[in-house]
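TrEMBL lists 1-67 with the feature region 'Disordered'. The annotation domain 'Sulfotransferase' is assigned in TrEMBL to 70-305. Annotation comment: TrEMBL describes Lys79 as active site, for sulfotransferase activity. If you look up TrEMBL, you'll see Lys79, Gly80, Gly81, Thr82, Arg83, Arg160, Ser168, Lys285, Gly286, Arg287, Thr288, His289 marked as 3'-phosphoadenylyl sulfate binding site. According to TrEMBL, the feature disulfide bond maps to Cys268-Cys280.
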Amino acid sequence: ASNGSREGAAGAWLRTPLAPGEVITAQSGAFERDPQESSTTDEELSRTGSPGSRGGGSSTTPDYGEKRLPQALIIGVKKGGTRALLEAIRAHPDVRAVGTEPHFFDRNYEKGLEWYRNVMPKTLDGQITMEKTPSYFVTNEAPRRIHSMAKDTKLIVVVRNPVTRAISDYTQTLSKKPEIPTFEVLAFKNRTLGLIDASWSAIRIGIYALHLENWLQYFPLSQILFVSGERLITDPAGEMAKVQDFLGLKRIVTEKHFYFNKTKGFPCLKKPEDSSAPRCLGKSKGRTHPKIDPDVIHRLRKFYKPFNVMFYQMTGQDFQWEQEESDK
């Protein structure tokens, strides 16, 4: 399926590999729950992984059914809103999803499909099995590996303004490693010349057009849904309607599932997974970003603009990240 001639403009000058261990640094070892990435409780986790479990602590599915390989994957992007999307779609009775990130197609592939299947929750006929691992989107081998599992797998990518995504990514790493250099130092190869360091993963992940080229060698655009991380906050029900349509589900997750939490600044689920308590994303979400020099932000916007435009053309969707900037 791969053909070398697809090397597009985005790829030509950015083929430098990620620095060793770069994608992995922000998250801990294989299949451990990253507290920054997951709001799943340990109790839920122990239920998810144990044999005959209900996979995620929901009381909607009894202990029968079977474990199946996922038919749909949330493949990215890190700090885009993937946890919010996963929690919202898990409120749908026809979806069963793993709470943790299995990292199968990037870190655990050698364990084989049976291991992967075993990580999944049990489902009944007609239910969709899902998982999310945001690093898949930037993993070179992931499209080929997923395609060889099932070429009709549906893929969901949550994207957000690459500048705010990069700052959010940095903020997450900073909370775990307070000794790291400032955002400004990491973002530039040469500050005087204003040369952005595109090999730093926080910057590189946001070059969406570059990564998407890789996926389009294996999957048609019709099998990939791009969800706006911004609209997931301003209009969660609207974005969830698109997700449910894409997955071929009845529109069950609607306005009545969400309320806006003023303290956190984003919507929370009212009654996910049949529990009566409202569910907000964990304290690692909605962190206050450090103040970044406006000049650095301006240079980053300029850097991303051609890639954003290319991404809009490739997907046929305008995410309006440029308009957003001019409003401020």
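Backbone N, Cα and C atoms are what each Cβ position is placed from, and that goes for glycine too.
Here the features listed in TrEMBL are placed on the structure.
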{"residue": "Lys79", "record": "active site, for sulfotransferase activity", "Cβ contacts under 8 Å, 6 or more apart": "Pro134, Arg160, Arg165, Ser168, Asp169, Gln172"}
{"residue": "Gly81", "record": "3'-phosphoadenylyl sulfate binding site", "Cβ contacts under 8 Å, 6 or more apart": "Val158, Arg160, Val227, Gly229, Leu232, Ile233"}
{"residue": "Thr288", "record": "3'-phosphoadenylyl sulfate binding site", "Cβ contacts under 8 Å, 6 or more apart": "Thr171"}
In whole Å, note down how far the CA of Cys268 (disulfide bond) lies from the CA of Arg83 (3'-phosphoadenylyl sulfate binding site).
12
Rounded mean pLDDT for the residues that make up the domain 'Sulfotransferase' (70-305):
93
With every protein chain in view, how many other Cβ atoms are within 10 Å of the Cβ of Ser168 (3'-phosphoadenylyl sulfate binding site)?
22
For Arg83 (3'-phosphoadenylyl sulfate binding site), the number of other Cβ atoms found within 10 Å of its own Cβ:
24
For Cys280 (disulfide bond), just count the other CB atoms lying within 10 A of its CB, please.
19
